[in-house]
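> Sharing a structure below in structure tokens format, with a few things to ask.
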Amino acid sequence: MLLKKEEIQARTITEDGRLFLQKAAQDGLETVWDRYQAQQPQCGFCELGLSCRNCSMGPCRIDPFGEGPQRGVCGADADIIVARNLGRMIAAGAASHSDHGRDLVEVLRKVGEGKAPGYGIQSEEKLRKLASELGVAQDGKSAEALAVAVAEALEEEFGTRKKALAFVGRVPEKRRKVWEKLGITPRGIDRETSEMMHRTHMGVDNDWKSLLLHGLRNALSDGWGGSLIATEVSDILFGVPKPVASEVNLRVLKEDQVNIVVHGHNPIVSEMIFQAAQDPELLQLAEEKGAQGINLAGLCCTGNELLMRRGIPIAGNHLMTELALSTGLVDMMLVDYQCIMPALGEAARCYHTRMVSTSDKARYPFMEHREFRPENARQLARDLVQEAVESYTRRIPAKVLSPPGDAVKMMAGFSVEAIVSALGGSAGPLIDAIKSGAIQGAVGVVGCNNPKIRHDYGHVTLTTRLIQNDVLVVDTGCAAVAHAKAGLKVPEAAEKAGPGLQQVCRALGIPPVLHMGSCVDNVRIFDLAAALAHALGTDISDLPLAAAAPEWYSEKAVSIACYAVASGVYTVLGTPPPIFGSPNIVKLLTEDLDDLLGASFAVEPDPTKAADLILERIRAKRAALGL
Ligand code: CUV
Ligand code: SF4
């Protein structure tokens, strides 16, 4: 069944998305938008956060109109149920990032032990820096021995023995005091998540305020713990990102090459595939099969990881993952974990695409499972690339549609180290530009896509308006891919910025929207914010900064948003979180937190209005600083 033009336009603002929505429909492929429509109307109780199935006396729901039951079977009211549900979302998000971090620590240890052939230490400098931060003695230790010792110290961060995570040391002192006063200093990464599951069991923490405070602590264990470890260890193993040019959208898939697409989050798999795709023997084999080369492309965050470090092009973001398959050009898609729709395996059966899952903890229908371990990764990656080359010969010409035109050019690789070096070696020039008003402030625009919001519209509208008003935007995740597709990530995009930001960008040769990486790399943004606060002797919450997640869908995004606010950054959400069943909680999160943390949430689905909220906040922070 073909889709109507208006229907397609309402689903996405992207040209490649529109073309392939129609192609998918032609092929009889069901997409996330179709399934979203089929789910209408979605449950109103759940939307408001008012349903609970935490125990078997339930499930229960609270009547938001005050006519039906106001308590669950156990007696929990709307506030308790909303707080428990939000708490569990945070726990799931923090657990996801942190378990990803743990997998990297495992590889770091195996590298040190010489049991991970193909992996190595790309940034000994960062390893040594981390060692001193963690208090690990370096006395003449080789990089390998140090890797083992650092891995051990990082393993401790997950446990229960500490009073505070080591990386809390990066936080400005004023902020640490705020956390101490509220009792939300994160202690152990797994501990906070585990404690959240405990507190939200029937009959444990039934004070919605104390539940939410623990939610902030749980989220901080992600932001200053699990995610931070994931980013730092990735940098050690695969290198610290530097500015790099690349391309984005479905046109990065090449008709005359073997196309391998990596999707998921963890660079452990994608980096090995990257290496194998350059193997001269495999390139030779591809040539023998009639291909011009082996083309690696990314989706979602593992794509961002490869883009940041290797300049590997990105085919699309979250809502493009099914449409990438509908090109008929993907010879193999490799997935690890998180944000991989379980629908993908079946979708691929419409084409010749080989679908391969790689992590023991993440299995999917209609995918073959090939387990990646540090020990076997190099060989397995080689085998898989070879199989992808074979798969290329089985393309179904009638199902192939090559996207016309060229991919959009973009720049990525803006780690904090890269930004500082672009500034000439210190954050000073950035601070000066903020002081002079050339740059009014900086905003992290991050997060997912969600079929509830027109694909990429939230990101691009919000960000365009911010840069027009001289606000520097840094981004990660699917937001970053959206901005890149819209052409905002080339130095020439400076012309879309206001006069002040434009001048700064031109002087430095950078785009007005800086790609800082994957979702775990949001910690880079907070590292930068903490460094600015240190340099000015203030708290993060005093700075003219904000964050936004205009199209978020994931529990991870909830955790990120919570550690952003707890770290002192005002955060605007586009998709409404399930909290509106509790006016008390809405008031706490959107108003009262300002007094406690110097930052709060706002919910604003209209990205133009969201931009105005942010601009207003930035003006107020500037005024308070006397700027
Ligand atoms: Ni981790 S979490 S949809 S891939 S940003 Fe993309 Fe990014 Fe959200 Fe997922
Ligand atoms: Fe119902 Fe309480 Fe059980 Fe939740 S915990 S399902 S509200 S009885």
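From the backbone N, Cα and C atoms, a Cβ is placed for every residue, glycine too.
Keep in mind that this is a model prediction, so the values were computed, not measured.
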> Starting from the [Ni-4Fe-4S] cluster binding annotation in TrEMBL that includes His265, Cys301, Cys339, Cys448, Cys519, which of Cys74, Cys478, Cys562 is the extra site residue?
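So, going by the record in TrEMBL, that would be Cys478.
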> What is the set of residues, excluding His265, Cys301, Cys339, Cys448, Cys478, Cys519, whose C-beta falls within 8 angstroms of the centroid of the C-beta atoms at the [Ni-4Fe-4S] cluster site?
Cys300, Asn304, His318, Gln338, Gly477, Ser518, Ser554, Lys556
> Just checking: which of the binding-site residues Cys43, Cys55, Cys60, Cys74 have a C-beta under 6 Å from ligand 1?
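Near ligand 1: none of them.
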> Closest to Cys519 ([Ni-4Fe-4S] cluster binding site): which of the binding-site residues Cys43, Cys55, Cys60, going by Cα position?
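For Cys519 ([Ni-4Fe-4S] cluster binding site), the spatially nearest of the binding-site residues is Cys43.
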> Which one of these binding-site residues has the most other Cβ atoms within 10 Å of its own Cβ: Cys55, Cys301, Cys478?
Cys478
> If you draw a 10 Å sphere on the Cβ of Cys519 ([Ni-4Fe-4S] cluster binding site), how many other Cβ atoms land inside?
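Around Cys519 ([Ni-4Fe-4S] cluster binding site), other Cβ atoms within 10 Å: 32.
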> To the nearest whole angstrom, state the Cα distance for the pair Cys478 ([Ni-4Fe-4S] cluster binding site) and Cys74 ([4Fe-4S] cluster 2 binding site).
40
> Starting from the Cβ centroid of Cys52, Cys55, Cys60, Cys74, which together make up the recorded [4Fe-4S] cluster 2 site, report each further residue of the same chain whose Cβ lies within 8 Å of that point, ordered by sequence.
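Other same-chain residues with Cβ inside the cutoff are Arg53, Asn54, Met57, Gly58, Pro59, Gly72, Val73, Ala76, Ile81, Met202.
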> Cys52, Cys55, Cys60, Cys74, Cys339, Cys478: which of these binding-site residues put a Cβ within less than 6 Å of any ligand 2 atom?
Cys52, Cys55, Cys60, Cys74
> Check the DSSP secondary structure of Cys55 ([4Fe-4S] cluster 2 binding site), expressed as helix, strand or coil.
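DSSP assigns Cys55 ([4Fe-4S] cluster 2 binding site) to coil.
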